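Novice: Sharing a structure here in structure tokens format.
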Amino acid sequence: MIIIKLVSGAQMGQIDRYTIEELGIDGVVLMEQAGRRVTEEILAEYSALEKVVVLAGKGNNGGDGFIISRLLEQEGIAVQTFLVGNKDEITGDAWVNLEILERLDDQVTEVTTAADVENLPSDLKQADLIVDAMLGTGIKGKLRGLFPNIIDLVNEVNTEVTAVDIPSGVEADSGIVREMAVQAQQTVTFALPKLGLLLYPGAKFVGQLKVVDIGIPKQAIAQQEIETNLITADLATKLLPLRDDDSHKGNYGKLLLVAGSTGMTGAAVLTARASLKMGAGLVTVGIPSSVNPILETKLTEAMTYPLAETRDGSLDVGAIEQVEKLMSSRDVLAIGPGLTTTGEVTTVVNKLLTKIEEPVVVDADGLNVIDDLEILKEREAATILTPHPGEMSRLLEQPIKEIEVNRVAVAREFAVEYGVILVLKGSRTVIATPTGEVYINYSGNSALATGGSGDVLTGLITSLVGQDLAPVDASIIAVYLHGLAAEIGSEELTKYSLVPSDLIDYLPQAIKAIEN
Ligand SMILES: NC(=O)C1=CN([C@@H]2O[C@H](COP(=O)(O)OP(=O)(O)OC[C@H]3O[C@@H](n4cnc5c(N)ncnc54)[C@H](O)[C@@H]3O)[C@@H](O)[C@H]2O)[C@@H](O)CC1
Ligand SMILES: [K+]
């Protein structure tokens, strides 16, 4: 599948409602499929189950749990079902399934008091598997009642857990975990992945994620406007530009990278090398003149251009005209890595953002010195901003924490408001477009959490924009390959030892993996 849509809890609810009310597929039928699919995944994963504990909540997630209890019993497995709540509080489809279970004489034990909770640990410990069907997409606010205690117990025992739809305690819309959530080894989710399964901190609790079809028709999904997509390998493959044998360097873009300053030439080198390795035609690095000789020795294929500088070795306003001139024969500008924020850098960056008529990628110090966001709205060519949460926090004048718990919404609102492509970095990088489309990246690991990896990403994005890719497509491929190179590289070098220049060395393997 090339595009995988990601849904919020509310969107999934709408899809369910449409399926039931407009299409007339009974909710009990959907629930039966849901329970059956989870049971199949459990049986496929665990071949020798003897004892299973199903923990059910009072909503439809619990209803799925009752079905799983019934189906596992039918397989000859000893199942104990606990309902966190009173039986007489159960309604609708969940009630139908609770009744069936009771008619089959499969006991459902109510857990309603602290004393009941104290009795749970021995059963949890003795089980081969716990099925978490307590809370699904219907969770609201802080965990109430006995849930915090029960979730603690589940996480303390050594028994493996399969979560139904979403680990209890994780919010489907955001991945927010208010105080705790069930730590699952496997999560079987219905129809479409929920955002909260991919976004941190929720993602940590999911274990292996399986998305199963429960018979919701495509039409019900199409009827929802879903603007959040998962970046898949297939999507990266589809977008990767082909290279024609009958081509020359002019076909692959002329890049100008304005980067580096005294003490930070490495940033310029990483950006330039990454852009070349991604296939750029011609790369020029504009750098404060006194450090130009360093770049000349560190870079072989790229050209360098000494720019006017102040006494401290950072850009001087004289660089504005120089860059404008250079850009008259270049296709794309990247500005920011290693520039520093001192002296006249602010004026240089802000002026260039208003003057340059080609696409611009702004990163690092380039982002830190934007003093008026309104100038972004006035640009006609594409602008790609690649902040990490700290830079985003400065741009928006909002605490990092608020950005971290709201990555998708923050990125989307900013991209729409200012008409830019926003690449909000972090585990699960979020790319948002001026029309409000969002792409979430799944590749990558903690090896990327080190100074310099952002410079590599900037090089990749700029390179692909230079190769005439739409800015959003360039960002999608770059972010995906960047993460994939980290995954491949850290297999050999470990997540500790992989450094950004290694990322560039592993880029060819990442490209090979997605090349058709
Ligand atoms: N709607 C449908 O047609 C289908 C829904 N399915 C299941 O239904 C689930 C959603 O069901 P519901 O909307 O009933 O919601 P849930 O079952 O996820 O949760 C609702 C229950 O949790 C309680 N609750 C909510 N927040 C709480 C908190 N913070 N602390 C303590 N208790 C809290 C509510 O009082 C209510 O009893 C999905 O996750 C999925 O598992 C599946 O059966 C497939 C079909
Ligand atoms: K659950």
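Cβ atoms here come from the backbone N, Cα and C positions, even for glycine.
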Novice: What does TrEMBL list, out of Asn60, Asn61, Asn229, as binding the same K(+) as Asp132, Ser168?
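Specialist: The one candidate that TrEMBL places in that K(+) site: Asn61.
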Novice: Which one, Gly390, Gly454, Gly459, is listed by TrEMBL in the same AMP site as Lys425, Gly426, Ser427, Arg428, Thr429?
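Specialist: For the AMP site that includes Lys425, Gly426, Ser427, Arg428, Thr429, TrEMBL also lists Gly454.
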Novice: For ligand 1, which among the binding-site residues Asp132, Ser168, His388, Lys425, Arg428, Thr429 have a CB under 6 Å from it?
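Specialist: What lies within reach of ligand 1, judged by Cβ under 6 Å, is none of the binding-site residues.
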Novice: Suppose we screen the binding-site residues Asn61, Gly426, Thr429 by Cβ distance to ligand 2 with a cut-off under 6 Å; which survive, in sequence order?
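Specialist: By the Cβ criterion, which requires under 6 Å to ligand 2, the hits are Asn61.
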Novice: When you measure from the Cβ of Arg428 (AMP binding site), which residues in the chain that are at least 6 apart have a Cβ under 8 Å away?
Specialist: Leu198, Leu199, Tyr200, Ala203, Arg407, Ile440, Asn441, Tyr442
Novice: What is the number of other Cβ atoms found within 10 Å of the Cβ of Lys425 (AMP binding site)?
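Specialist: Result for Lys425 (AMP binding site): 26 neighbouring Cβ atoms inside 10 Å.
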Novice: Show, in sequence order, which residues other than Asn61, Asp132, Ser168 on the same chain lie with their Cβ within 8 Å of the centre of the Cβ atoms of the K(+) site.
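Specialist: Near the K(+) site, beyond Asn61, Asp132, Ser168, sit Leu55, Gly57, Gly62, Gly65, Ala133, Met134, Leu135, Gly136, Ala163, Val164, Asp165, Ile166, Pro167, Val182.
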Novice: Using the centroid of the Cβ atoms of Lys425, Gly426, Ser427, Arg428, Thr429, Gly454 as reference, list every other same-chain residue with Cβ within 8 Å of it (recorded AMP site), in sequence order.
Specialist: His388, Leu424, Val430, Asn441, Gly444, Leu448
Novice: Expressed to the nearest Å, what is the distance separating Asn60 ((6S)-NADPHX binding site) and Asp132 (K(+) binding site) at their Cα atoms?
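Specialist: Here the two Cα atoms lie 13 Å apart.
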